[in-house]
Amino acid sequence: MKAIDINVKEKSYKISIKKGILSSIGERLKTTYQSRNIVVITDTNVEKFYMETLKNSLLESGFTMKIISIEPGEKSKNLATLERVYEKLCEFQIRRKDIIISLGGGVVGDLSGFAASTYLRGINYIQVPTSLLAQVDSSIGGKVAVDLPWGKNLVGSFYHPDAVFIDPDVLLSLNDKFFSDGMGEVIKYGFIKDKSILNLLDSCKDKDEVLQYIEDIIYKCCSIKKHLVEKDERDLGERMMLNFGHTLAHGIEKYYNYGKYSHGEAVAIGMTYMTNITERMDITKKGTHDYMKGILTKYGLPVNMPDMDKQALVNSIALDKKSSGDRINIIVIEEAGICKIMKIKLREVYGFLFPEDII
């Protein structure tokens with residue numbers, strides 16, 4: 001088993017990475033909690049594949065278990081779904097010492113974490129991420145949120161789980177689209193902090209070969225996030241590097257109402273578009289844009305900006321959480337494995353993103 005300890009101001013917790021760990025979660029929890037009441041929040045797709053294994057593990061260890069199952073996808077990450085979760089928690093008479101387990105991808109994790117952070121002013125919760133994207137990124141670091149009609153993750157909090165259990169075996173059931181979705185975030189880590197990730201992905205022929213190294217890949221990504229979260233828990237400085245590609249990605253996702261592009265696909269477009277701009281400005285080393293396009297394309301990710309309303313995209317960026325006063329922080333790549341934070345005035349964002357439109 002690979003383990004990573006996260007140490008932040010409010011608490012410390014462990015990320016445990018092991019094939020087959022899903023079947024032993026009950027055993028691992030029974031000596032930690034006095035309460036034997038658990039609510040598992042999941043989605044209807046994940047429930048079909050993995051609930052039975054988790055359920056057996058919990059029941060065999062003496063826990064009682066209730067299930068809250070939501071519809072899969074970003075469209076469920078809203079206040080209406082959150083209210084239904086609260087309603088179920090009340091119906092199940094969940095108390096502060098009881099436990100929420102988030103079993104699912106990024107949407108389930110964000111929604112479950114925010115519910116746990118606010119219900120009874122905070123109850124225990126555990127992350128069991130089942131998508132590659134959630135395993136390398138969203139299950140770690142304490143950011144939990146729901147979307148509003150005006151943008152992504154606009155209502156949220158910082159609330160760390162008590163533990164994160166990552167079972168790479170669950171990735172074997174991912175279809176190619178969801179695998180590629182997670183690879184968008186994996187490739188991001190390579191470009192912002194660790195070129196060895198890119199070298200490994202370059203050397204692999206296909207998805208099956210990547211899965212042979214997946215524990216090491218997950219460990220590398222989680223270690224990078226641990227370092228940045230511990231240095232900057234509240235996302236006010238260096239942690240913003242994790243948002244490379246995300247400023248554009250969130251705008252793209254919202255523009256298409258979370259239907260056309262997955263999060264990882266939108267991040268891939270955002271990274272590629274931004275790197276093309278900064279390479280032309282001589283901020284980024286020549287050849288980086290083509291290198292990025294090649295590795296993203298290899299893993300089934302889009303690299304071309306869709307034909308969309310440019311002003312609508314810029315307007316959504318103004319609501320981005322990385323904006324401060326009249327400026328926004330944008331993450332740019334200097335070369336593969338090295339990035340920096342640039343500050344741009346909000347009134348200059350359109351010209352920065354679409355210089356060909358400025359005469």
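Just so you know, glycine gets a Cβ as well, placed from its N, Cα and C.
Site annotation (Swiss-Prot, ligand NAD(+)) includes Gly106, Val107, Val108, Gly109, Asp110, Thr130, Ser131, Lys143; from Lys88, Lys152, the additional listed residue is Lys152.
Summary of the site annotation: Swiss-Prot records Zn(2+) binding at Glu185, His263. Screening the candidates His160, His246 against this entry identifies His246 as the one listed for that site. Separation of the C-alpha atoms of Asp110 (NAD(+) binding site) and His263 (Zn(2+) binding site): 13 Å, rounded to the nearest whole number. All chains included, 24 other C-beta atoms sit within 10 angstroms of the C-beta of His246 (Zn(2+) binding site). Listed in sequence order, Gly104, Gly105, Gly106, Leu171, Leu174, Phe178, Asp181, Gly182 are the same-chain residues at least 6 apart in sequence whose CB falls under 8 Å from the CB of Ser131 (NAD(+) binding site). Put simply, Val108 (NAD(+) binding site) is 19 Å from His246 (Zn(2+) binding site) when counted between their Cα atoms. Same-chain neighbours of the Zn(2+) site beyond Glu185, His246, His263, judged by a C-beta within 8 angstroms of the site's C-beta center, are, in sequence order, Leu133, Asp137, Gly184, Lys188, Gly245, Ala249, Gly264, Ala266, Val267.
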